Structures are given as structure tokens and as C-alpha cells.
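Visitor: Take this structure, written in C-alpha cells, and hold onto it; I'll ask about it next.
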Amino acid sequence: MTMGSLTEGLYTLNFHYCRPRTEPVEGADAIIVERNPGGYLSASEIPLPRLYICMAAVFFVAAVIWVYTLMKHRYSVFKIHWLMAALAFTKSISLVFHSINFHFINTEGHPIEGWAVMYYITHLLKGALLFITLALIGTGWAFVKYILSDKEKKIFMIVIPLQVLANVAYIIIESTEEGTSEYRLWKEILFLVDLICCGAILFPVVWSIRHLQEASTTDGKAAMNLEKLKLFRHYYVMIVCYIYFTRIIAIFLKVIVPFQWQWGYEFLVEVSTLVFFVLTGFKFRPASNNPYLQLPQDEEDMEMDEV
């Protein structure tokens, strides 16, 4: 079948088996080749290789700028800052492998196993690093305190295994045909686990806000704690907006736009991730360059800062 410009659209081929599942299908063989003029990718996926490689370059530049900032203010840099740098570089590498994977699917009609495995590995690392970093920032680790409480450790014991499960589900979905029974099951698992992880990382931020609220009324550094409280409130709103946009708004837009513009969903997700990374880096930049995290309140603090 050849589709012209008047009949272009998003086509799917479905096989309906009306007999009971206990009766297997016998003697059914089908060879299907679906191809567009530019390659094997669908119209909504053709721009993705270029999109991913461009976004990889942008994330790499942002990561280099972040490392330069850390080197410039090295005496006020915490370990969490380097973890944020590792996350940005891992995100960039993951997008490179994602672009290469789509390129071979477009030219060969199927992914090259080696490149696909490299993409899945970097995607898994990126997902784990993302939620660990967000949770650590949310707990105020290094910014407010240097020791995690028992309930904060439990959050990590929940989030890390769930992230591994979410990435396994994602890999299975990517390598499974949409019509198989396993596809629907793992897609539901991925959606549920992802929402649980997104909800779990909000708890440390809420606990940090409560801690700072209590501290601002009990110790002598109220102004410092109020500024940190303001910072963590902003961070809470940022996380909620990021989750809401990438998990709800972007998916809604994917459903309502024409088929040839569905790649815009990936574009919006990547751009919103970049904006979230940049805002998080700006809010939690090294203390010597951050008015939120360095506000001496009395002469003793001034003298210590000078030393």
C-alpha cells in the first residue's frame, strides 16, 4: 500500500483474535515493512534524532558552565554540587545515545543492539541520579545540614529501587511491540511507579520547609533561616511545576496535536527539563555567589567570613 499526500496520517495495524485465549493461533505468519520516504521512522519521530543531539549539546554546554562556576567558587562548593554536574553530563550522554539509537532505527529499520544497550544504561543512570539529586537537595543536605535523618534515609530506600523498576519497565516498553500483553502491563507499572517517585521526592522538601520554619522562631539567625525557607519554598513549587508539566500537560498536548507534530511532546519535555536544571543550579549555586545561602547576621559571622 502506498499513501499519497492526500491520505497521509497516523496508521496502525491491529490483529484481533476473537477466540478464547486458551486456543492458540496456528499458522499465522506476517512480514510487515512500514517505511516513509525519509526512512523507517514514523512522521512524528523523524525530527527526534536531530532534536536529541541538539539538546545533548545544550545540556553539555550547561554542564561545562556549571563546572566552571564550581571551579571559580571552589571554597564554597559542596559534594551535592558535583553530583548536579554529574547529572547534567549523564543527561547529555544519554541524549547522544538516544539520538544514535533513533538514527539507526531510521536507516536500518531496527535498533543496533550495542547502541541500544548503551542508551538504556545511561538512561538508567540518569533516572537514578535525577531522583537522588532532587531528594538530597530537598532534604537540605549540605545546605542546611550534613546528616540525613532516619525517615529521609527511608525515602532513598524507597525511591532508588522504584527508579530501577521504572527504568526496567521503560526498557521493556521500548523493546516490546505495542500489541503484546506485556506492553500494556509494563506501561501501567511505569506510569504508577513514576508518579510514586515524583510524590516521594516532595516529602523531603516539605520536611525541610517545616524544619526551617521551626528554626526561624527558635534560634538567633532568623533572617538566614527565613531566606533558606524562601529558597526551599521556591524549590517545592519548581518541582511541582516540573512534574505537572512533564507528566500531565505535555502528554495532553501530545494527544491533541496532529500526528506530524507529536514530536513536540519530546521537545517540551527536554526544554522543561533544561529550564528546571538551570533554575535549580541558579537557586543552589555555591554559597559565596548565592545570597540565599550566605547571609552573615552579626559581627562574629562577619569576622569568620573574613577569615
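From the backbone N, Cα and C atoms, a Cβ is placed for every residue, glycine too.
Sequence annotations record features per position, and here TrEMBL assigns domain 'GOST seven transmembrane' to 47-291. The transmembrane segment annotation in TrEMBL covers 50-70, 82-105, 117-143, 155-173, 185-207, 235-257, 263-282.
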Visitor: Any residues 6+ beyond the ends of the transmembrane segment (50-70) with a Cβ under 8 Å from its own?
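Guide: Hits for the transmembrane segment (50-70): 77, 81-82, 84-85, 88-89, 91-93, 95-96, 98-99, 102, 263, 266-267, 270-271, 274, 277-278, 281, 285-286, 289.
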Visitor: Going through 82-105, 117-143, 155-173, 185-207 one by one, which has the most CB pairs that fall under 8 Å from the transmembrane segment (263-282)?
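Guide: Result: 82-105.
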Visitor: Using Cβ atoms and a strict cutoff of less than 8 Å, what residues sit near the transmembrane segment (155-173) while being 6 or more residues removed from its termini?
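Guide: Apart from its flanks, the transmembrane segment (155-173) reaches 120, 123-124, 127-128, 131-132, 135, 139, 148, 182-183, 186-187, 189-190, 193-194, 196-197, 200-201, 203-204.
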Visitor: Same-chain Cβ contacts of the transmembrane segment (185-207) under 8 Å, 6 or more residues past its ends?
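Guide: Residues packing against the transmembrane segment (185-207) from afar: 131, 134-135, 138-140, 149, 151-152, 155, 158-159, 162-163, 165-166, 169-170, 172-173, 176, 232, 235-236, 239-240, 243, 247.
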